[in-house]
């Protein structure tokens, strides 16, 4: 759906009443185009006027001050006359000259002014025209080209009578029931579903199916938008496709929704996401019922695309897709994204650079949303873009580097350039040297800090609390716990019996072995006189029976658990142990020495050399007590890299941070190699054995530029190594 790109909201607060550029626009006689429509809107306790046009993708929300001027733009009196009338009538309530210039720039950029009325406007309008040219160039980019195919109006008119019932309250409730039940059942089956997605997502077959299914789902998505617009009386006169990273994505022109009331406008925005969620829900049930094959693969792909696209992209308000417009309309915050950027430009420019920038005219409660949205949106886009770059980089060096460059340009260079442009144009016409000097000073200071100022450097990795093997209390043969001879927390000595186990099967075998041995001995005694040769054969059987009995008795003796070292006994859940069954090799408890508790750290291969060669200090934080740090030291480092985790608790399948192979049932095998480091704690914390921990290796201080350069090099080596 193509709806409203953000240009901002006309109406700002500027401390200056006059502008040095006023003489350039004073004789102009601007007029609104006849197709421009205005509607009155009450939001957050204030009255606004919203301008829209059927042939424009933009709507502008005007405050009372801006509306007083726009309402007079009929091509009659010149701009200077209109402004002086407003000042004489409203005094401080009239817009200032800088505000008038900004308002004209936005009206011109939105296409609301007659073209023959504005032969030339100053820098603000030039900047708006430059933005419009950039948008037009972006539309022609081979990576995001938009191609109009046909007028979907006749098709929508034929389909609308058959789907009108889908816009009823009962249809909404049915949709909610299907989606919620499917989501709950999918959550209960997530282990199987997630494994299937993980196995399929890396195959060329999945990519091919997704490349076909995704545009088809988007066709239904856009069809839903078009039908919703027609349902509420709007017109859709354009449909086609865009090339999103060379993937054809359908679109319909939804500008007519700008003229709707808030509730229908929200439904038009949301219905595409709702349609995709319904497709994902139905695809999930097909995947459950279908036999392995093409149908099941297509259903899994449709479920994955529908759920992922809805939750992370189309339905996510942090991206300027459907969810963004739903949020903006729900909160009465039109043009939230662009206004949030302008809010930050104004604050930073005013407080850091001293630029005279107009402050946005905000209603009650809007300030917090403007302050939060831009940084939250930028952070989310960075995370998503970074993950996409990683995925592309594993397949191709060239595409990975291109994706990384695109990420840097779009999320770092362009936002910074826009901010600098806003700051530079803030004081057009007056002496700009103070702003320029401050901007140069801040830039130079930041560069010096990045390249020369040494800052703390560290590597933080996950680990698991571990003990030496001799500290474990376990049995070589399973049995029932019949007696606990020491309490949790008691000091025990090496060789002391801590617990006794009993295995009824071993006791039965021992009785049978003794009976068999007694019978053989009696038979041998009777054969000594009657059959000496047979007595010799019986001697061999007796020796075998004695060996069997000795082995059984050794197993019974092994059921007594002895402390292998001096220390403090740890018996978790001691009161639950009597009469419980302890399987062979399983741990009943531990005997802790002061220096026995250690941490097994898992260090990525890319950081292992630096941890070995440039570690100045080590500290450990436990998951159960992250506020306290324990000093430690490196006891031993593995000579070679491995792919098997020391504990499944470190895997992402069990709440840990390390991804494991989807095909591994034990959740301990990783795709990326790592090194294990044994970390000794200088003082023993109160911790569970097997508890996750975070180990921080301190390195010598370095400037951020050096640290970032090393991280970038490792990133390129890690993600692009082995890619074609």
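Here the Cβ of each residue, glycine as well, is placed from N, Cα and C on the backbone.
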*Which is it, of 150-171, 172-193, 326-347, that TrEMBL names as transmembrane segment?*
172-193
*Residues flagged as transmembrane segment in TrEMBL, choosing from 105-124, 125-144, 205-224*: 205-224
*asked:* Looking only at the recorded stretches 172-193, 266-288, 370-389, which one has the largest tally of CB-CB distances under 8 Å to the transmembrane segment (205-224)?
replied: 266-288
*What average pLDDT does the predicted model assign to the coiled coil (535-562)?*
79
